[in-house]
Every structure is written in C-alpha cells, then in structure tokens.
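J.: What follows is a single structure, and I will ask about it in a moment.
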C-alpha cells in the first residue's frame, strides 16, 4: 500500500503547487523513486479519463472515505497498469467496484468509437506510435554479474532470449516474454515496452539497472580507464554514476555532486545496492566546487548532465514542458553554459561529456557552440559514436559530431550528447571519436560501442 499512498501524496502536492513532479517524488521518502515516478506520471496522463470513470461509476459517492487522488491511482493501476500490487482494505475496495469500473470504461470506448485505452486520451496527450514502442531497457551491472548470467536467469524465469538485435525494427517487434541484446550497447538487454521489472530479484539486488538506452550513452562515451579520477557533476539519481563505476571496475575515484539532500540520499541507496565503491558523494552545488582544490588535481574526465527542460522525456510531468517559453529556455541555457564553463576549468581535464534530455537546440548545440567559442582553441568537439544515426542540428562546424536520440528514430527518450576534448598543443583535431572503447575497450571486435563481444568470462558473483 505504501506505493499508492506515496503516489496519492504526490498528486496532492502537485494540486497544491508544492513543487514539480520530480522534486515531490524525490522528496517523498519512497525507496523506489522510478517506480513511483512512473505510476504518478501515468496517472496524470490518464487524469481526465480517470475522472470520468470515477464519476460514471459513482465510486467516490459510494466510498466516502476514499480520497480522489488515491482513487485515481488505484483505478489507474487496476484498469490501465499492471494490476493492483497492494494488500489491505483499499485493494479489496477497488476490486469490489471492478465490474462497475470496467463497464463504465467499455461504455466510454463505445461512445468515443475506439477500441484501445490510449485512444481515449486527448489528442495533445496521446502518446504517438513511436513513443509507445520505446522498449524497456535493462543495463547489466557488471560490478555484480555479467550479461551471460543475467540472460540465463531470465530464461529460467520463462523469458525467451532472441539473441543480439540486428536492427531497430527488431526492437519494435518485441512482445510478450521475449528479449534481445541491444544492437549498439553490449551490456544492455531490451524487453517489450512497459515490462515491469521493479519487483524482479535482479533489480532489487542491484544486478540490473533500469535505464533508458540514451541515458547510457554519456558514461559510455566518456570512457574513463580504470584508475581514473572522474566527476559526475549533476549526479542524482545515480544511474550514470553506477555505470561510470562499472566502466572503472570500481578502480579509481568518482566525485558525485547534487545539491538536494534527499536526492543525494536516494543516490546513496542506489549506489550501495549496485555495489559501487570509490565514490565520494557530496551535497553541493557543482558551481561552488573549486577546480584548484588539490582533491580534484587528478580529475581527467567529467560527466555533465545538468538540469534542463526535460522536453525529450517520453513521459513528462508538471514543470517538464515539451515547449517551454523562450524566457525559460534562455534561463536554462544560461545556467547550462555556466556549468559547462566551470567544468572545463578543471586543470587536468582531458575529456568531458555534456548531455541533456532536451530536444531544444538552445540547450544543446547552442550551449556547446557558445562555450567552445569562449575557450578558443583549448577544447575541441569530436564526433561521438560515428555510426549512430541521429546527429547534431546546427550550423557551426563540427555540430554533426554531436549525437541526438529520439523515440521515432532510435526508440529511446529524446537526448543530446556532445563530447569535448582538450586540445594538445600542435595536435591536429581528430575527425572522429571512435569508441569510448579506445580508452576503455569492451570485449569483442570493432571500434565502436556495441561491437559483438567474444570470449566473455563469467563473474564470480553468479545470479542464482
């Protein structure tokens, strides 16, 4: 019941204007923030449909003690989600009214002449066909296990493994209890859209991380070698931080910053579950970190994924707008430029990855272009992941070296990634950054992330 109570409390907070969706979820104290975020976001997406269902079935009139926000969450999961997971009287109450609610839902579909639940959504809120096909991506946490063992575990649970995907079209066709190895990233498994693994033993034990494919790209392209000192400048909730630790094989040092104490606490829980060591968490605004502090004298790699409009997220909540105002974009871009300039001022820095989950050029290519102009010939933009199909969109030289992702073209959330490297005096600018694997080679052939692995050795800690 804790999940539904927490979700209802977030809905109340949103109605009262106490904060945005992300801040209320992270401040809720609920241990599984992604599960809570997904439930609240989907309940919000179906809000108008749920209100009509509650009215038509007269649920709130029949159950005087049931709060409207809790009713919405329960009815969403009962009719549109994975089914009620909680126990106690609220579960019994919702199931007692299930027949009436299902009958009202059927009547709504007849009235609107539709057959699918999503067709009941208003056109501006309906998820496009491309978005609805975004799969469930599962990153294998190599600090605790290996890809082969995770595949074997899922096969024992009744899933059918179809091998390595050859195209994005294969990912689109996934259904039922089938899964693939991603065609680009060698430690990423792909399941059908909306596959819920939050209660799976592999997730709760930290052997797998539920992380969108596009979100896996920044750490992969940063590619620090084991033993490196790395900064994750805006680190919470910690998925990219745990991925960096896996790339480093827990050898080296990660400095992870976030200004919000509750987000830092959430990140600490995630990193502990993932088996991350050698990571110093700090509740601190990255802009206040002194680049000349001897503590950071060996920092050669920085991952910068700052706050942004969130316009690339498949599921958006309040405060995450697909079309923010020009003033809002200018404010965000100014903040992002300050962060990027600050990151580039670390004296030993060799490579930096700048990424956002925004679709807007103002937060992406324009930020990179402006900062590179300020630094002159000190840093250069290099081509990340040359075979990736979506490239940067801007007129300045080298913009095509940036990487973009989108639901329609790459079956991921909307994302932007740029890789910057310090120029060596007298060195010619490279035409491309082949793999992050150049510095941190993945097992297997090829020069890009996603090359077919070979001769993989099993880790000692096997999933049972």
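Quick reminder: no glycine exception, Cβ is built from N, Cα and C everywhere.
Curation does not apply to TrEMBL; its annotations are automatic.
Taken from TrEMBL, the feature domain 'SAM-dependent MTase RsmB/NOP-type' applies to 126-423. The S-adenosyl-L-methionine binding site annotation in TrEMBL covers 234, 235, 236, 237, 238, 239, 240, 258, 285, 305. If you look up TrEMBL, you'll see 357 marked as active site, nucleophile. Among the features that TrEMBL reports, region 'Disordered' is placed at 430-464. Feature annotation from TrEMBL assigns compositional bias 'Basic residues' to 454-464.
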J.: Could you tell me the C-alpha distance between residue 357 (active site, nucleophile) and residue 234 (S-adenosyl-L-methionine binding site) in angstrom, no decimals?
T.: 13
J.: Just going by other Cβ atoms within 10 Å, which of the recorded positions 234, 236, 357 has the emptiest spot?
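T.: 234, out of the recorded positions 234, 236, 357, has the fewest neighbouring Cβ atoms within 10 Å.
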J.: Among residues 234, 235, 236, 237, 238, 239, 240, 258, 285, 305 annotated as binding S-adenosyl-L-methionine, what is the maximum Cα-Cα distance? Answer in Å.
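T.: Max Cα-Cα spread across the S-adenosyl-L-methionine binders: 19 Å.
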